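Asks: Submitted below is the structure of interest, expressed as structure tokens.
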Amino acid sequence: MKKLQEAHLRKPVTPDLLMTPSDQGDVDLDVDFAADRGNWTGKLDFLLSCIGYCVGLGNVWRFPYRAYTNGGGAFLVPYFLMLAICGIPLFFLELSLGQFSSLGPLAVWKISPLFKGAGAAMLLIVGLVAIYYNMIIAYVLFYLFASLTSNLPWEHCGNWWNTERCLEHRGPKDGNGALPLNLSSTVSPSEEYWSRYVLHIQGSQGIGRPGEIRWNLCLCLLLAWVIVFLCILKGVKSSGKVVYFTATFPYLILLMLLVRGVTLPGAWKGIQFYLTPQFHHLLSSKVWIEAALQIFYSLGVGFGGLLTFASYNTFHQNIYRDTFIVTLGNAITSILAGFAIFSVLGYMSQELGVPVDQVAKAGPGLAFVIYPQAMTMLPLSPFWSFLFFFMLLTLGLDSQFAFLETIVTAVTDEFPYYLRPKKAVFSGLICVAMYLMGLILTTDGGMYWLVLLDDYSASFGLMVVVITTCLAVTRVYGIQRFCRDIHMMLGFKPGLYFRACWLFLSPATLLALLVYSIVKYQPSEYGSYRFPAWAELLGILMGLLSCLMIPAGMLVAVLREEGSLWERLQQASRPAIDWGPSLEENRTGMYVATLAGSQSPKPLMVHMRKYGGITSFENTAIEVDREIAEEEEESMM
């Protein structure tokens, strides 16, 4: 038996050993797949890239607002519970898939080709998000350049873009010591700068007539794409070095903003508003749903970024440890960002003489209107404004690197012989194509299109993708087999906590989110603008398209097989004959592609019923693996 074990470990994994003679010629395998694919130059590259990917703009402009509107400090209870039930397990699952296979979001579905449509849906979603996400980075660049002046351009009224409604709110009273007659009808200089100068939204007649291209935004968008391209030019080799700055420097700026914020008069008022617990909110299902949504989107599960980054790891990288570092670090960063934001909002509310809830907003309104207005009230306002927008720039770029690397990796893994030698050129073509598709976002009505993309591109479709991935891995491939793969990779099997979450808790939570998003569906809007019916239909179709790619992929997989429908489904759900670790030295145990006493090699099949799946196939290799394990135990006694 020892000779048999040595033969298994010594035997090279070649295409001849992975298929029957009848199969040869039908399958083209890249045996040295990982040799020329590349890896991170260091373990810290991967960790910082994951932190940069997860810690993004949403941590600054979404989490604080969600927290204070859903019970303040009490919101942290469902937030951390959902992190444990949904966030950490799904994060670890996606990292495990990528690292074990060294494959991108498309090729990883060798694990079960029937579900390859889920990988295609990931690419569609991440592609749409990347188009509008870089437009947000372009807005940040615009404000960053505007901060390089002695006086911020949104500090005063009297500019050509201002209207008679513009009012410089310097306190609860006007210059004559009397309250304005109709404070609600006035507009701050920062709001008019954003809507009338940056967006020039008054030049649009709606989403159907977006107006002319704003060339200043067009150039900022071009610069954003040039920066992204240069940083991903050499794949993870280059982006992995850039994140040493872009993933760490935001924390320095956040710390500076936090220290400055808490020293302002009225800061404690804002912090109290942010964190004062209101436990009666926990009785509302909406609060729990909001917590789950925040976890789901902030960790970036389902976009393929985590899977892609992990695919460049060495086979034994400790992603279990990395999972907890990144997920808990992301949560702590969100909480700290809330302190930095609400301390300044508290100061702002005291200066204006209005309640905190009248100055608190979420999303672009916070980043491009409220916070810039607060900056004008500080000494050295251009300096603090520059720091704030530089922080947003680095936060946004990290996520954008992941989006583009996901697309490039997925396609090059599908066509390695054609695209991998020209990966830089292919990356450039992707950036050019997305820049051209994003030009509509630089028009007068571009914000309408951005809102539509933001509302629908990664909504219910993303939840369906993650549910499908979770069920395909745990129910079809098999939870026991998946845990065995992780044991081969990390040296231990996931415990009951992870198994229970993967099998029941995480899919159930995601299903609840999906049902909630459908039941509570509300049409898109931007300010007072209501989107026309055709735009709503377009958005819904956008979300449905990613969902439909899953059954479409199933249909293609089934049509490629032979036999009855049930036989086709069985065959399509089997792992591909070359599924497993990409490097020969890591293909041990059940992945050693020879069978004891066999004259001719056979494909490596998976005993799915024994390992938790729904199909059953012969696999003598598992019996050999069991015998080897038993002999090892006897030798240790």
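Glycine too: its Cβ is placed from the backbone N, Cα and C atoms.
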Asks: Which of the listed positions, Ser204, Ser582, does Swiss-Prot note as phosphoserine?
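Replies: Swiss-Prot annotates phosphoserine at Ser582; the rest carry no such entry.
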Asks: Look up Ser239, Ser564, Ser573 in Swiss-Prot and give me whichever carries the note phosphoserine.
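Replies: Going through Ser239, Ser564, Ser573 one by one, Swiss-Prot annotates Ser573 as phosphoserine.
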Asks: Pick from Thr20, Thr276: which one does Swiss-Prot list as phosphothreonine?
Replies: Thr20
Asks: Quick one: do the transmembrane segment (117-137) and the transmembrane segment (215-233) reach 3+ CB pairs under 8 Å, ignoring pairs fewer than 6 apart in sequence?
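Replies: Counting Cβ pairs under 8 Å, at least 3, so yes.
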Asks: Can you tell me the CA-to-CA distance separating Ser573 (phosphoserine) and Ser582 (phosphoserine), as a whole number of Å?
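Replies: On Cα coordinates alone, these residues lie 20 Å apart.
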Asks: Out of Ser573, Ser582, Thr588, which of the modified residues is least crowded by other Cβ atoms within 10 Å?
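Replies: Comparing Cβ neighbours within 10 Å for the modified residues Ser573, Ser582, Thr588, Thr588 has the fewest.
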Asks: Would you kindly check 295-312, 324-345, 378-397, 425-443, 500-519 and say which stretch has the most C-beta pairs under 8 angstroms to the transmembrane segment (242-259)?
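Replies: The listed stretch sharing the most Cβ pairs with the transmembrane segment (242-259) is 378-397.
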Asks: Taking the transmembrane segment (459-479) as the reference, which of 215-233, 378-397, 425-443, 500-519 gives the largest number of Cβ pairs under 8 angstroms?
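Replies: Most contacts with the transmembrane segment (459-479): 500-519.
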Asks: May I ask whether the transmembrane segment (500-519) has at least three C-beta pairs under 8 Å with the transmembrane segment (324-345), counting pairs 6 or more apart in sequence?
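Replies: These two stretches do not touch.
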Asks: Determine the Cβ neighbour count for Tyr591 (phosphotyrosine): the number of other Cβ atoms within 10 Å of its Cβ.
Replies: 18
Asks: Just to verify a number: CA distance, Ser582 (phosphoserine) to Thr588 (phosphothreonine), in angstrom, no decimals.
Replies: 11
Asks: On the 0 to 100 scale, where does the mean pLDDT of the topological domain 'Cytoplasmic' (1-45) fall?
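Replies: The predicted confidence over the topological domain 'Cytoplasmic' (1-45), as a mean pLDDT, is 48.
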